[in-house]
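Feature annotations, courtesy of Swiss-Prot:
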- LEU13, ALA14, GLY15, LYS26, ASP72, ASP102: GTP binding site (BINDING)
- ASP102: Mg(2+) binding site (BINDING)
Amino acid sequence: MSTALPLCSILILAGGRGQRMGGRDKGLVSWHGEPLVAHVQHVVREFSDDVVISCNRNQERYALYADQLVSDAEVDFPGPLAGVITGLKVARHEWVVMLACDAPLIDQALIEGLLRLAVEHDSAAMVRQGGYWQPMFSVLPRRVLPMLEHAWAAGERSLQKALLGAVPVQALECAENDQRLSNFNSPELLL
């Protein structure tokens with residue numbers, strides 16, 4: 001018998017500079033007639049009444065897909081760890097599903113798998129694809145916030161290092177060629 005999934009917040013990270021997209025805001029780049037962030041939001045919406053998008057520009061456009069918007073406290077696109085810290089501060093639920101805005105092929109089974117793994121072990125859960133951690137596909141308990149803030153204050157800027165150093169992390173193993181984990185972070189990948 002499977003247990004019910006807990007209420008969770010969804011944190012979609014869309015605050016990057018978009019360098020590999022020629023400076024374009026990746027989450028708003030169109031794919032199959034909709035912005036990439038819309039594809040992610042459609043998949044996750046049924047899991048939560050609290051979709052938070054971390055974005056540092058184009059807030060009015062992102063507002064269409066979020067219940068809350070946050071921006072990094074630091075200027076000049078400091079990286080995903082800054083967005084995670086800011087997002088965890090406003091998340092309304094104890095569990096937070098964290099995803100990249102440029103991963104439109106995710107599905108509900110992936111989200112459910114991460115959530116179940118995190119809840120069963122009462123710890124963070126992260127995709128490990130072909131032996132490599134993928135921090136942009138994670139579930140975090142909000143209680144990791146002080147540990148991530150401490151890592152940031154100590155100079156850590158790597159999301160993966162901060163997460164793996166802060167708390168036990170359960171691995172959701174995925175195949176190296178799992179298309180659900182594709183990041184569309186360059187124009188060529190959108191074709």
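In case you wondered, yes, glycine gets a Cβ from its N, Cα and C as well.
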For this session: Would you mind pulling the DSSP three-state label for LEU13 (GTP binding site)?
Result: strand
Exercise. Out of ALA14, LYS26, ASP72, ASP102, which of the binding-site residues has the smallest number of neighbouring Cβ atoms within 10 Å?
Worked result: ASP72
For this session: Check ASP102 (GTP binding site) against DSSP and tell me helix, strand or coil, would you?
Result: coil
Problem set entry | Where LYS26 (GTP binding site) falls in three-state DSSP terms | helix
For this session: Check each residue in the chain of LEU13 (GTP binding site) that is at least six apart in sequence and keep those whose C-beta is under 8 Å from its C-beta; list them in sequence order.
Result: SER54, PRO80, GLY83, VAL84, GLY87, MET98, LEU99, ALA100, CYS101, MET136
